[in-house]
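As recorded in Swiss-Prot:
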- Asp483: active site, proton donor (ACT_SITE)
- 147-188: repeat 'PFTB 1' (REPEAT)
- 512-557: repeat 'PFTB 2' (REPEAT)
- 589-629: repeat 'PFTB 3' (REPEAT)
- 638-679: repeat 'PFTB 4' (REPEAT)
Amino acid sequence: MWRLKLSEGDEESVNQHVGRQFWEYDNQFGTSEERHHINHLRSNFTLNRFSSKHSSDLLYRFQCWKEKGKGMERLPQVKVKEGEERLINEEVVNVTLRRSLRFYSILQSQDGFWPGDYGGPLFLLPALVIGLYVTEVLDGTLTAQHQIEIRRYLYNHQNKDGGWGLHVEGNSTMFCTVLSYVALRLMGEELDGGDGAMESARSWIHHHGGATFIPSWGKFWLSVLGAYEWSGNNPLPPELWLLPYSLPFHPGRMWCHCRMVYLPMSYLYGRRFVCRTNGTILSLRRELYTIPYHHIDWDTARNQCAKEDLYYPHPKIQDVLWSCLNKFGEPLLERWPLNNLRNHALQTVMQHIHYEDQNSHYICIGPVNKVLNMLCCWVESSNSEAFKSHLSRIKDYLWVAEDGMKMQGYNGSQLWDVTLAVQAILATNLVDDYGLMLKKAHNYIKNTQIRKDTSGDPGLWYRHPCKGGWGFSTGDNPWPVSDCTAEALKAALLLSQMPVNLVGEPMPEEHLVDAVNFILSLQNKNGGFASYELTRSYPELEVINPSETFGDIIIDYQYVECTSAAIQGLVLFTTLNSSYKRKEIVGSINKAVEFIEKTQLPDGSWYGSWGVCFTYATWFGIKGMLASGKTYESSLCIRKACGFLLSKQLCCGGWGESYLSCQNKVYTNLPGNKSHIVNTSWALLALIEAGQASRDPMPLHRGAKSLINSQMEDGDYPQQEILGVFNRNCMISYSAYRNIFPIWALGEYRKLMLSL
């Protein structure tokens, strides 16, 4: 049976692997009854996979209940009847909160974080399989049990039409259909395998024009595998890394995720690396295309992309650019004497890859460049220590649930979840009962702050100084994020006001100051905050976005979510410590508020770039404005934002926003006007803090009723539709949100009731 291991490992670590989570298969773990129960959970997911596409993380919950939950007394469940919203009393809310916290405490690890599923995208796992196959370590790295779960996951998320979406809830795309099909074939699936699933996938591919219509990232992976020709790719010249940094399109000016993906891609492209050909690859050349492989016009194929994948079509200028580079630039760079320049560029690129690997302890900033960097290390030296170090960190990205084994969008969301959970628990005022949860979470925050910059001179490697920041996940992944740092600072400051015997010693003042300095260093001239770094170039550069599938990837844009979080963290810090850089901090806050005001949309909302979508960003927009001292009465922006949220409340009392809002940039309800507990919580939190109770408390009562009645028998909340997003078009799962935000919203609602 699969078992989650926590904070373990022999690899190098800055904090003894605090926060690490990985699954191992243990033949001795679990009784026959427990194994039968796990199989029942799997079967139930498969049976309902088309109506409920999101797993509920039931394997981890089962393990926690087995190890910590047995014998724990359950409080009776409470419900609020229709029409009795005004009669909700403190006892009803108290019971609901205690049941929620009791359940959530079982899920917390000893090191203070809450392990969980951070999956959703469907292009990550196939890329890993291809990468391991190409490096000839697939079966040695992914055991038979791993491959069983990977097959289960891929088949569970195949759509009825035979294809796979960009994410678990998405319509079928050529990108993920081809890559998923290829991954299954590389793991030994036959042409007619999966009870017809393979044939169905092949039919989808052929019906939509064949694999020449896969977008550029897919063309790249197929070329590495040898199932597509490099001449069918648009150029990825590594020489870009040799250009002067003063140029606005230098790779070092790009958003870090973008440049860290195209960095190893340029190495493999520059080497024109191709896997050793075998019978399976030759067969794939026949299976994936509608015409014989040797008849394909690869130059035409360069710019072909299925309409299902085309979220960001190439502007004409981009096609002209790639054609010129392909026709004139590449032939010159492949011949003497300019081939010496290419060799120098390839060496430079590998130096950047090694820098990223070593400073991130071979975790890397994310799963895409993790696999690409690993492959580059193998191409450079197949028996290198760098490659071996990469292999030992693959498990950090894999998660097992009832739908199978997936590759997560990061090595987890540990720090982010902890910072939000702390604020949620504090909002309940039940600290005397659940102080141990806070103490452990406090330790996690203290243990994961980045205490030094990356090695050498970070600027030479286009890295922003990171001392004092917090990353999204663990201390071993040292890419600090603006909102993660701000939320961690806020949580640490709130905990510093609590009794030491309950929550532990506060963070040292020096560490808090480092966090403030890091936040201040990230503010752009327009007052906004981007995600990881300062915005280094111009939005117009999006014209060279080559991905087709993702939007807004070229530079690190400013976001209302990050800007609001920065305001909140800085305001709380200067409230508690008015002597440190007060003038600079106040100036920063004022500029940030101006940015939020300017980016508000005419209907009163803000567009969300990291959560779904207008509800999420509007919560942040309101929170930032209120933290700065604005009020409903004094701010037209806040009044418009509250009006927007109230206009979206559903008949059932809740709110429910579809991921299509992110994709189409138009507010869209969930199908059937269904409510969502997390959207409802965000809206309630915003309205409560903006003083809605003094104007008309009924919307709050109705929203609270929706949350109370959604709680499950064991104190958990149901997993509903996907709520995370990145790059406008790809959704990702935040499995902890279903617990954190109802607790937070009902905690604030309880405080509101006591004040009335």
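Cβ from N, Cα, C; glycine included.
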Take the repeat 'PFTB 4' (638-679) and find every residue of the same chain, 6 or more past its ends, with a Cβ under 8 Å from one of its Cβ atoms.
85, 169, 311, 600, 603-608, 612-616, 618, 621-622, 625-626, 630-632, 686-687, 690, 692, 699, 701-703, 705-707, 710, 717-718, 720-723, 725, 728-729, 731, 737-738, 741-742
Per DSSP, how many helix, strand and coil residues does the repeat 'PFTB 2' (512-557) have?
16 helix, 2 strand, 28 coil
Folded-back contacts onto the repeat 'PFTB 1' (147-188), same chain, C-beta under 8 angstroms, at least six residues removed:
2, 42, 45-46, 49-50, 53-54, 119-123, 125-127, 129-130, 133, 138, 194, 197-198, 200-205, 208-209, 211, 213-215, 217-218, 221-222, 225, 227, 280, 283-284, 287-288, 305-306, 308-309, 400, 403-406, 549, 659, 721-722, 729-733
Long-range Cβ list for Asp483 (active site, proton donor), cut-off under 8 Å, min separation 6+ in sequence, same chain only, gives Phe529, Ser531, Tyr559, Glu561, Cys562, Ala565, Ala566, Trp610
Could you tell me how many residues in the repeat 'PFTB 1' (147-188) are helical, how many are strand and how many are coil under DSSP?
23 helix, 5 strand, 14 coil
Secondary structure content of the repeat 'PFTB 3' (589-629), with strand meaning DSSP E or B:
25 helix, 1 strand, 15 coil
Using DSSP, break the repeat 'PFTB 4' (638-679) down into helix, strand and coil residues and give each count.
21 helix, 2 strand, 19 coil
